[in-house]
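Novice: Sharing a structure below in structure tokens format, with a few things to ask.
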Amino acid sequence: MNDQLHIGGKAFESRLFVGTGKFADHKQMKEAIEQSRSEVVTVALRRVDIRKPDEHILNDIPQDVTLMPNTSGARSAEEAIRIARLAKASGMGNWIKIEVISDQKYLLPDNEETTRATEVLAKEGFVVLPYMSPDLMAAKRMQEAGAAAIMPLGAPIGSNRGIRMKEMIQIMIDEMELPIIVDAGIGKPSEAAEAMEMGASAVLVNTAIATADNPVEMAKAFDLAVKAGRLAYLSGLGPTSMRANASSPLTGFLK
Amino acid sequence: MSFYEEFEKIKAEPFTEIFSEVTPQDVEKVLMKGRISESDYLVLLSPAAEGFLEEMAQKAHQLTIKQFGKTMQLFLPLYLSDYCVNTCTYCSFSIDNVFPRKRLTMEEIEVEAKAIAEMGIEHIILLTGESRIHSSAEYLAESMSILKKYFSSVGIEVQPMDQAEYETLVQSGIDSLTVYQEVYNEAIYREIHTKGPKRDFRYRLDTPERGCRAGMRSVNIGALLGLDEWRKECFITGLHAEYLQKKYMETEIGVSFPRIRPNAGSFEPAFDVTDKNLVQAMLAMRIFLPRTGITISTRETEELRNQLIPLGVTKMSAASSTEVGGYTKPKETQSQFEISDERSVEEIRNLLRFKGYQPVMKDWQIL
Ligand code: SF4
């Protein structure tokens with residue numbers, strides 16, 4: 001079955017994106033990434049020591065994955081833009097996950113600033129994936145601004161609370177053309193499967209893998225769960241819709 | 001509005017009595033909750049909660065892993081100057097202590113910076129005694145033109161300043177502010193700060209807010225434990241942190257639990273704060289404010305610091321020197337206080353790895 005995910009001119013077999021924060025050490029992170037079979041890995045530029053290219057975290061990220069540096073730590077569009085440029089200048093490629101968080105208590109993204117950063121960076125040729133609070137209109141603005149995919153949060157970052165924003169995310173999946181990648185909140189493989197069953201294009205998981213008792217095995221579990229969820233979706237569980245869909249339309253003959 | 005108004009409302013509460021009335025059943029109830037309130041926080045600081053330290057530790061540990069992962073940020077203090085115009089009875093830098101004072105020149109700062117950078121440290125905090133002349137905003141901003149080359153995050157722990165001065169410092173690249181209230185009891189505050197501008201309790205109490213407004217990325221507060229009853233001090237510190245977190249959502253608020261250390265004077269802490277007390281304070285804070293950074297310095301002993309790692313701590317200093325120029329020319333000047341954990345950065349990194357934690361050397365990038 002040819003079911004690839006296309007973003008920014010690249011095609012991916014795996015629909016599991018993984019994060020690199022919160023691991024106890026780089027060796028464990030490396031193994032977990034390998035076992036997850038993920039092809040897109042996000043890394044916080046603020047954790048990358050660009051002055052010491054030999055020592056940094058990038059050496060422990062498998063060579064064949066697409067790096068998606070993120071702007072974690074940015075509190076405004078300007079900061080995110082500067083971080084993105086720094087990441088590109090230091091050879092991390094042109095993918096960028098925009099994270100603009102101006103609330104340090106819940107770590108909720110600031111959609112307005114995120115859209116502003118998206119616009120500037122997309123114009124500069126970045127493949128921009130904005131992390132956002134699920135909101136259809138905001139997602140549309142990000143699409144107009146040039147986003148390559150949209151990353152709504154399932155629940156507050158690091159909360160492992162599952163897809164609390166289910167209704168909103170479902171609307172986005174149904175209405176948006178861009179790939180929807182559920183980011184943040186997924187705490188169990190079953191929740192990753194749930195997102196995939198809903199029709200999400202991919203999921204991003206970090207805390208649930210990094211802080212498991214056995215991160216490497218958990219990475220495998222997520223790989224399988226994402227595959228299962230996707231297969232279920234393709235097999236006809238969805239697409240679901242918030243509007244009523246008559247199973248055999250009475251007006252179908254009209255066109 | 002500032003925290004002072006909140007403080008006014010609670011400062012006269014009969015804390016000792018309130019704490020003593022808490023029962024083990026109250027503690028059990030709080031430990032079953034997801035989010036806890038201010039009065040629940042008080043319950044966790046009570047003597048009754050001492051019987052539940054293990055349960056509290058488990059909860060604090062889980063909350064920390066969920067929010068911060070198995071990581072620990074390392075930093076070092078860089079002492080730039082020991083000139084001080086105040087007389088804090090508990091500090092070696094007090095103007096009453098006579099010793100040859102020193103302030104680093106820009107060339108000397110560069111030498112110290114190099115030495116620290118060679119240890120692999122990326123985050124530092126600049127410290128000085130309190131003297132508007134010797135550690136002015138201009139001097140600190142000037143030092144940043146050098147420090148920027150060596151570090152990815154630089155904070156300050158100097159005399160309280162006005163908002164405009166903090167704005168200048170933020171412009172220069174300084175991103176965090178640490179200011180300890182020392183003691184939240186106004187009467188004791190006046191007793192131990194006998195002379196100098198530090199006597200202004202209110203100006204000091206409002207300092208973290210001036211830092212938040214000036215755009216500091218993180219602001220750290222704390223009470224110097226041993227100056228008053230620690231349960232009450234920790235309670236007010238927690239309320240202060242919560243207030244700041246609510247009002248300045250963009251700023252990362254951190255807390256620290258410094259205990260009084262031996263110094264050049266002969267100050268004896270008025271209140272004993274045992275290791276057990278310190279642990280309880282830290283656990284209660286973590287459960288009350290799951291997203292707040294907790295720093296533990298080298299004031300504490302090696303053995304205790306090893307044990308504290310999984311209990312909610314998110315930042316540790318390593319291989320600290322508390323004297324001006326102490327990284328390249330140790331023992332030439334007066335240290336601010338004695339440090340207890342003298343291990344090298346490499347030793348601390350190894351310890352963290354051994355405990356299953358990733359030592360994080362870099363967690364921000366000066367933009
Ligand atoms: S605590 Fe600070 S203000 Fe007080 S004497 Fe020491 S350096 Fe000066």
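Placed from the backbone N, Cα and C atoms, the Cβ positions cover glycine too.
Okay, so TrEMBL annotates it like this:
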ACT_SITE  A:Lys97  active site, schiff-base intermediate with DXP
BINDING   A:Gly158, A:Ala184, A:Gly185, A:Asn206, A:Thr207  1-deoxy-D-xylulose 5-phosphate binding site
DOMAIN    A:7-249  domain 'Thiazole synthase ThiG'
Novice: If you average per-residue pLDDT over the domain 'Thiazole synthase ThiG' (A:7-249), what number do you get?
Specialist: 89
Novice: Starting from the Cβ of A:Asn206 (1-deoxy-D-xylulose 5-phosphate binding site), draw a 10 Å sphere and report how many other Cβ atoms land inside it.
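Specialist: Counting Cβ neighbours of A:Asn206 (1-deoxy-D-xylulose 5-phosphate binding site) within 10 Å gives 22.
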Novice: So which of the recorded positions A:Lys97, A:Ala184, A:Gly185, A:Thr207 end up next to chain B, with Cβ to Cβ under 8 Å?
Specialist: A:Thr207
Novice: At the level of the C-alpha atoms, what whole-angstrom distance separates A:Thr207 (1-deoxy-D-xylulose 5-phosphate binding site) and A:Lys97 (active site, schiff-base intermediate with DXP)?
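Specialist: Cα of A:Thr207 (1-deoxy-D-xylulose 5-phosphate binding site) to Cα of A:Lys97 (active site, schiff-base intermediate with DXP) measures 17 Å after rounding.
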Novice: Using C-alpha atoms only, work out the spacing between A:Ala184 (1-deoxy-D-xylulose 5-phosphate binding site) and A:Lys97 (active site, schiff-base intermediate with DXP) and round it to an integer in Å.
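Specialist: A:Ala184 (1-deoxy-D-xylulose 5-phosphate binding site) and A:Lys97 (active site, schiff-base intermediate with DXP) have their Cα atoms 13 Å apart.
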Novice: Between A:Lys97 (active site, schiff-base intermediate with DXP) and A:Gly185 (1-deoxy-D-xylulose 5-phosphate binding site), how far is it from one CA atom to the other, in Å?
Specialist: 17
Novice: What is the number of other Cβ atoms found within 10 Å of the Cβ of A:Ala184 (1-deoxy-D-xylulose 5-phosphate binding site)?
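Specialist: That number is 28.
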Novice: Near A:Gly185 (1-deoxy-D-xylulose 5-phosphate binding site), which residues of its chain come within a Cβ-Cβ distance under 8 Å, counting only those 6 or more away in sequence?
Specialist: A:Leu153, A:Gly154, A:Ala155, A:Pro156, A:Ile157, A:Ser159, A:Asn160, A:Arg161, A:Gly162, A:Ile163, A:Arg164, A:Met165, A:Glu191
Novice: Taking DSSP three-state, what's the residue listed as 'active site, schiff-base intermediate with DXP' in: helix, strand or coil?
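Specialist: In the DSSP reduction, the residue listed as 'active site, schiff-base intermediate with DXP' maps to strand.
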Novice: Rank the recorded positions A:Lys97, A:Thr207 by how many other Cβ atoms lie within 10 Å of each Cβ and give me the one with the fewest.
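Specialist: Comparing Cβ neighbours within 10 Å for the recorded positions A:Lys97, A:Thr207, A:Thr207 has the fewest.
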